[in-house]
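Asker: Before I ask anything, let me first share the structure, which is written out below as structure tokens.
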Amino acid sequence: MIKKIGVLTSGGDSPGMNAAIRGVVRAGLSEGLEVYGIYDGYLGLFQDRIAKLDRYSVSDMINRGGTFLGSARFPEFREEGTRAIAIENMTKRGLDALVVIGGDGSYMGAKRLTEMGFPCIGLPGTIDNDVAGTDYTIGYFTALETVVEAIDRLRDTSTSHQRISIVEVMGRYCGDLTMAAAIAGGCEFIVLPEVEFKPEDLVYEIKAGIAKGKKHAIVAITEYICNVAELAQYIEKETGRETRATVLGHIQRGGRPVAYDRILASLMGAYSIELLLQGYGGRCVGVQNERLVHHDIVDAIENMKRPFRSNILETAKKLF
């Protein structure tokens, strides 16, 4: 029977992680469990930086961005010997299970711990919305608000100067954040990792817009597709229109979480406790069709793929 659990945040931070930690702690305490926080993710787990949390440890945390437990990249966790030390640090404190909040890399760590006999539950915490087994991840909607606000501001100055603006959005190899922000921000063009990109095709579309009398434009593009500064130079050369690139960067990860992220994080945190008390381990939590669900974490990592919603992209193109 589970009596003590740990909770950590790992990988890139996202708004709502604190709300998720709070959900785990408050729900766990209400069920009579002891809850321990691990500082700086898997690195802190390896270094034995573990502390007991009470309900006051998470007071006034639901509205704060980032993660008060901290997060760190720790590639050495791939090594079995490193994980064995981490498990030893948990077992000597009497911990029975671990809740991991993070993206697919964090899930991989939880998967490996589970395979070594230590039960874990994963919660999807990333602005990229690229985790399998869930429609939305914790932090996605807050990041979306941040990106849309930036696009709105860029449109003001682009309109004033009759300029083309390129805005680079996070997402790694998932275009969800870019596509949603482009629709909400009224961007004229979208460049996504799921769709083959040729700069000359984009220039053709921009020229077509100019021919119709378009005096400015916003191009939303997901990171890692190309060098946006070089793309801006190419567009300016080919169209004769002043073109500027803006990389939003890590500002997208910060800020007070919006209401939906707070609710999603709180419900997922509490649900992880329910699953552990029911004897589940090696699961990851998600929300699908507005319902909380859970999947085998190994299956989620190895077999489940997030579907690309091409129908939304096609609809978006009709709105430009």
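Cβ atoms here come from the backbone N, Cα and C positions, even for glycine.
The annotation ATP binding site is assigned in Swiss-Prot to GLY12, ARG73, PHE74, GLY103, ASP104, GLY105, SER106. Summarising the annotation, Swiss-Prot assigns ADP binding site to 22-26, 55-60, ARG155, 186-188, LYS212, 214-216 and lists sequence analysis as the type of evidence. According to Swiss-Prot, the feature Mg(2+) binding site maps to ASP104, an assignment based on sequence analysis. If you look up Swiss-Prot, you'll see THR126, ILE127, ASP128, ARG163, MET170, GLY171, ARG172, GLU223, ARG244, HIS250, ILE251, GLN252, ARG253 marked as substrate binding site. Summarising the annotation, Swiss-Prot assigns active site, proton acceptor to ASP128.
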Asker: Out of VAL25, MET170, ILE251, which of these binding-site residues shows the lowest number of other CB atoms within 10 Å of its CB?
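Answerer: Fewest other Cβ atoms within 10 Å, among the binding-site residues VAL25, MET170, ILE251, is found for ILE251.
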Asker: Quick check for the class: what is the C-alpha distance, in angstrom and rounded, between SER59 (ADP binding site) and PHE74 (ATP binding site)?
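Answerer: SER59 (ADP binding site) and PHE74 (ATP binding site) have their Cα atoms 28 Å apart.
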Asker: Cα distance, GLY103 (ATP binding site) to ILE251 (substrate binding site), nearest Å?
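Answerer: Checking the Cα atoms of ILE251 (substrate binding site) and GLY103 (ATP binding site) gives a distance of 18 Å.
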Asker: Which of these binding-site residues has the least crowded Cβ, counting other Cβ atoms within 10 Å: TYR56, PHE74?
Answerer: TYR56
Asker: To the nearest Å, how far is the Cα of LYS212 (ADP binding site) from the Cα of ARG244 (substrate binding site)?
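Answerer: Spelling it out, the Cα of LYS212 (ADP binding site) and the Cα of ARG244 (substrate binding site) are 21 Å apart.
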Asker: In terms of DSSP three-state secondary structure, what is the assignment for HIS216 (ADP binding site)?
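Answerer: Note: HIS216 (ADP binding site) is coil by DSSP, not helix or strand.
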Asker: How many other Cβ atoms sit within 10 Å of the Cβ of ARG73 (ATP binding site)?
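Answerer: Excluding its own Cβ, ARG73 (ATP binding site) sees 14 Cβ atoms within 10 Å.
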